[in-house]
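Colleague: Got a structure for you, written out below as structure tokens; questions coming shortly.
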Amino acid sequence: MNLKKIIPLVAVVVLLLGVISGCASKSGGSKGKQVIEIGSQSPLSGGSATLGDAIRLGAELAIDDQKAAFAKKGFEIKLKDMDDQGDPKKGVANAQILAADKNVLALVGHLNSGVAIPSSEVYEKNNLAMVSPATTATVVTDRGLKSVNRICARDDFQGPAGANFAVKTLKAKKIFIIQDKTAYGSGLAEQFRDQAKKLGADIVGYEGITVGEKDFSGVLSQAVTKKPDLIYFGGVYAEGGLIIKQARQKGLNMPIMGGDGLDSSSTVQIAGDAVKGVYLTSVAGDVSKTEKGQAFAKKYKEKFGKNVESYSAYGYDSAGVILKGIMNAINANDGKKPTREQVEKAIRGIKNYDGVTTKVSFNDKGDNTYAKVYIYKFDQAKYPPAQEAEISQ
Amino acid sequence: MLAQIIQNLPQVLIDGLTLGVVYAVVAIGYTMVYGILELINFAHGDVFMTGAFIGATVLFLMLGMGFLAAMPALIVFLIVIVVAGIATGLLGVGIERVAYRPLRRKNAPKLIALITSIGISFVLEDAVRFIAELKTGNYIVTAPSMFNHKFTLDIHHIMPFFDNATFQSSFLLVLAVTIVMLVSLDLFVNKTKWGMAMRAVAQDRDTASLMTINVNRVISVTFFIGSALGGATGVLFMIQYGTIDPYIGFILGIKAFTAAVLGGIGNIRGAMFGGIMLGLLEMFAAANLSLITHGAMGAEYKDVFAFIILILVLIFKPEGLFGKAVVEKV
């Protein structure tokens, strides 16, 4: 071999070795403390970014709060936040990334049930515990997965609670239902419809709309002819806000009711003044009611410069539950870093955790036995709405 | 059943007309470009969306500087729509220059240009989304509400089998502005020298170039006018519905394209008619479908209904309602 060819070859080999050793020294650098990462998955871009971002920031705050306690034990805790874009495909891809990272022991995750369901199959395979602040579809926990937990209420509790309130308290006799044909929207609307029927209300219409459209006057004209005394919408604020606005323009001044998908400041932004007289059921409690919650809201505002959204405190409590579980697992493991299986068990085993908005005890399916449904009403065009009622299981 | 449908008719007509004229103006953008280049410019729906966002930006800027309080809303609106129209017109010319003209110069197959237009449409959507969510992370933009005075059309009094219809002043605005746009475009194409040049290029590009017509310039003008109309309609859409996001162009673009096909693609008056008809059909279906089928099919099938009509029309008149059957060019 002639020398001219050998010199570049040697140069390349040296460069490669340098790169490899460079990487090695980097990963060996933080040897003083062991890293534990908490994953987070929620939509940080797209139509429900307002809610998704609130979950991430809540989790971040919880991790910041507990940094010192973990540092004492010799661990460094970090948040690994990912954007699921409210898209099941993206959620599953992110789940693979989280599962591959051995430092990730658990995650706060998913705003949308449709994303949580396929992603949790990946978590289950990898024993990665998920605590969801917001997924309400019944299927999420009904599959009996070991890794799946949630701290909020279920749709088969939220929908009927809304129907009870509509029929018994608001005295609605004729109800017009609109749903957005998604797993969340139609699931909620069906639960509402069945309970309302049982209570003797007349369902005068049950119509679907397409997500992404802006003109709902056709469906609403139909509502005008049916003269209902309550309109129920199963769906999210992007369409909900417009439906509220266009309904009021058509002179439909009866109460409009929706689920937790409307529980966002964006509903007010889109609907404007029309939002007055809108009721919503939410699985998220009003943090401004308790002292603990007010302190949380203040700290949140100071740190991020944003007001708390409905799910901020739930993101915080989800991360809190996870950290508590990990801490228990560390203690049970003689102060060594626990495995994912141990963390998974420890999280499921949590009883009477006292969070900012809710107490948490998981049952054997991973549902929170303390979860409540809250009913809110917009009296003025301002977020958050006023709490009207609080319903326990 | 029939009584209920008739009762509802005035309201359905008003809502359908609002949606229909929006389809109509966007459909013109498709049809003009097709007429001249035989290219289906799928980026046009997103030019419409960009117009809405440029309009919203101008509106917010004026709001920030306090113009909105100082000037009558109508003047503010005119400034916004003119700025957005010119900006999107230039955008359209730019797209043609950068994306389509190089292809045309190399005599690339038409399919390549079509795929390019789909690519441009993605670029526009994501560029606008990126800019819109820079600040808040939320790309749904809500414009300040204007022209929201409510009117009630008291038809019930005159003809008791009709229900009253309600609409907002924005409806009148949308209707008036689109009609002005449609009529002036029609005059432009049929009565001016430039319009004549456009028709000549549409008929036969090579012969037109022999008759001292600067074909590239005519194509640029066509893109400018089509895109400017599309962008201006975006502003109307924003005023009428209040909320916009970077994906409004997709569904609306597809429907406007359908409207253009329904009216006979390449024919401007056909596109106007097709758009209005599609809007009316869609609104009628959304309001009455569950009545007609006794609840078996809800409002969610409105698009299916509208497209079945389209298929029926195309089966019996493949060239569209106003299209002329194409005689092979020699």
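In case you wondered, yes, glycine gets a Cβ from its N, Cα and C as well.
No curator has checked TrEMBL annotations; they are predicted automatically.
Since we're looking at a predicted model, the values are computed, not measured.
Feature table excerpt (TrEMBL):
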type	residues	note
TRANSMEM	B:20-40	transmembrane segment
TRANSMEM	B:47-68	transmembrane segment
TRANSMEM	B:74-99	transmembrane segment
TRANSMEM	B:111-132	transmembrane segment
TRANSMEM	B:169-189	transmembrane segment
TRANSMEM	B:218-241	transmembrane segment
TRANSMEM	B:247-265	transmembrane segment
TRANSMEM	B:272-292	transmembrane segment
TRANSMEM	B:304-327	transmembrane segment
Colleague: Return yes if the transmembrane segment (B:272-292) and the transmembrane segment (B:74-99) have at least 3 CB pairs under 8 Å (sequence gap of 6 or more), otherwise no.
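Modeller: Counting Cβ pairs under 8 Å, fewer than 3, so no.
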Colleague: Quick test of the contact rule: Cβ under 8 Å, at least six residues beyond the ends. What residues does that give for the transmembrane segment (B:111-132)?
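Modeller: Distant contacts of the transmembrane segment (B:111-132): 37, 39-43, 45-47, 49-50, 53, 95, 99-100, 103-104, 139, 141, 245-247, 249-250, 253.
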Colleague: Given the transmembrane segment (B:20-40), which of the listed stretches B:47-68, B:74-99, B:169-189, B:247-265 has the most Cβ pairs that are under 8 Å apart from it?
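Modeller: Checked against B:47-68, B:74-99, B:169-189, B:247-265; highest Cβ contact count belongs to B:247-265.
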Colleague: Sort out for me which stretch, of B:74-99, B:169-189, B:247-265, has the most Cβ pairs below 8 angstroms to the transmembrane segment (B:47-68).
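Modeller: Going through each listed stretch, the top one turns out to be B:74-99.
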Colleague: With Cβ-Cβ distances below 8 Å as the criterion, list the same-chain residues six or more beyond the ends of the transmembrane segment (B:169-189) that contact it, or say none.
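Modeller: 14, 17-18, 21-22, 24-25, 28, 77, 81, 146-149, 151, 195, 198-199, 225, 229, 232-233, 236, 239-240, 268-269, 272.
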